[in-house]
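Undergrad: My structure is below; once you've seen it, I'll send some questions.
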Amino acid sequence: MIRMKFPKRYVIVLLTFICTNVCYIERVGFSIAYTVAADAIGVNQANKGMILSMFYYGYVLSQIPGGWAAQRIGGRRVLLLSFVLWSLICGLIPLDPNRVTILVLSRLFVGVAQGFIFPAIHTVLAQWVPPQERSRSVSLTTSGMYLGAACGMLFFPSLVKHMGPQSVFFVEAVLGVAWSLIWLKFSSEPPRIDLPKVSMPKVASRDTIKAQAGGVVAPRTVKIPWRRIIFSLPVWAIVVNNFTFHYALYVLMNWLPTYFELGLQLSLQDMGSSKMVPYFNMFIFSNIGGVVADHLITRRILSVTRTRKLLNTIGFVVSAFALMALPLFSTPSGTIMCSAISLGFLALGRAGFAVNHMDVAPKFAGIVMGVSNTAGTLAGIVGVGLTGNILEGAKASNKDLTSSETWKTVFFVPAYLCIFSSVIFLVFSTGEKVFE
């Protein structure tokens, strides 16, 4: 590793990409395994929604503490501890829908453990990645989520069919432990000599180089400007869009398998590789958004502010129309196409709001990420649980859950939120540094 021919920061970005990949393999894997196990004993939709949403209750509790912990003890250590904790839980807890208390507590603690991960990642990337590489680096890292979801959708249904739902937990635990060992061996704190050279009119000191090159995390003794962060309109623009992004993502991630089986009368096992297309599309579009954003900024075609607003608006508005169109199709191909377009353009929009943490608060990126991801996690609690209650209410009203008409509300709510959030970001966001 010492004699490698490319900068160490590329290794860090690659490892964080694998990190998010494994995290979403776990999330999708639980959704698939639990759905099969719950359906086998006749668990109703509201109770399924409750169990599926428990992860997000834990997740929301550790977002801001995750940013604080990464700021104080370092993102590298926080990532390692988080991975070890949730991997152990997955390896030790039985997947039995009848043991509700154990399932609730296990999903709660897995959520708490994983809640530290993304604030820590943003702290690590803010330390390692210079401004001119941020869009594509963050996009590559977060695209691991979607590739992980695609892999989970592709492999886990067959694994569950042949080896049972519990086998998913074992695979997830092994992946988590494997990543932890790799991270422990190859990651490190960012030495200044690894920072890339950047053109600047006058170099005053090594600290100036560090600040302009990207090593801009605040010293751990610096007071965090909580009041300014909480009352900042650009931060709220990020928060609102993070909420909407995750509302749409979590609803589709947790309920699309149920829609396939009830609304389309099609099991995941029978869908083959087509079921992974929406998430693979997110992987592709996320990286396209990052490359386009960095190109527009480095070539000075658009300012940072206009670049963020352009990609965010295109992503969220196109996604909204695709969500509205989704229940109009009664065929698997039409549903796959609409969900792929919706999730793909949502991922494109991450080159807007999701990188904006580092624009407005490079020294406190982990903190701002923790704040905004708290909103994103609340979206999981609200969206996943609300969808279960919507469907259970429809069933109580004698509506047919096999009819796509019954599912319109499920998909129209995130569509309207996408349009609203894109307007908020257009009006209040900025690509300029707000917090020194």
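In case you wondered, yes, glycine gets a Cβ from its N, Cα and C as well.
Those TrEMBL annotations? Automatic predictions, nothing curated.
Pasting the feature list from TrEMBL:
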DOMAIN    1-433  domain 'Major facilitator superfamily (MFS) profile'
TRANSMEM  54-71  transmembrane segment
TRANSMEM  78-95  transmembrane segment
TRANSMEM  101-125  transmembrane segment
TRANSMEM  137-156  transmembrane segment
TRANSMEM  168-186  transmembrane segment
TRANSMEM  229-256  transmembrane segment
TRANSMEM  276-298  transmembrane segment
TRANSMEM  310-328  transmembrane segment
TRANSMEM  334-355  transmembrane segment
TRANSMEM  367-391  transmembrane segment
TRANSMEM  411-428  transmembrane segment
Undergrad: Check the transmembrane segment (276-298) against the transmembrane segment (168-186) for contact, please; criterion is three or more CB pairs under 8 Å, pairs 6 or more apart in sequence.
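TA: As far as Cβ distances go (cut-off 8 Å, pairs 6 or more apart), the transmembrane segment (276-298) and the transmembrane segment (168-186) do not touch.
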Undergrad: Which residues, given as numbers and ranges, are at least 6 beyond the ends of the transmembrane segment (137-156) yet have a Cβ under 8 Å from it?
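TA: For the transmembrane segment (137-156), the sequence-distant neighbours (Cβ-Cβ under 8 Å, at least 6 residues beyond its ends) are 13, 16-25, 27-29, 32-33, 121-122, 125, 129, 168, 253, 268, 273, 275-283, 286-287, 289-291, 293, 343, 347, 350-351, 354-355, 358.
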Undergrad: Establish whether the number of Cβ pairs under 8 Å between the transmembrane segment (78-95) and the transmembrane segment (168-186) reaches at least three, counting only pairs separated by 6 or more residues.
TA: yes
Undergrad: Cβ pairs under 8 Å only, please: of the recorded stretches 101-125, 229-256, 310-328, 334-355, 411-428, which one is richest in them relative to the transmembrane segment (367-391)?
TA: 229-256
Undergrad: Between the stretches 101-125, 168-186, 229-256, 411-428, which wins on the count of C-beta pairs under 8 angstroms to the transmembrane segment (310-328)?
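TA: By the under-8 Å Cβ criterion, the transmembrane segment (310-328) pairs most with 411-428.
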Undergrad: Who are the chain neighbours of the transmembrane segment (411-428) in space, where the CB to CB distance is under 8 Å and they lie at least 6 residues beyond its ends?
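TA: Answer is 233-234, 236-238, 240-241, 243-245, 247-248, 251, 308-309, 312-313, 316-317, 319-321, 323-324, 326-327, 346, 352-353, 383, 386.
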Undergrad: Considering every residue in the domain 'Major facilitator superfamily (MFS) profile' (1-433), what is the mean pLDDT value?
TA: 84
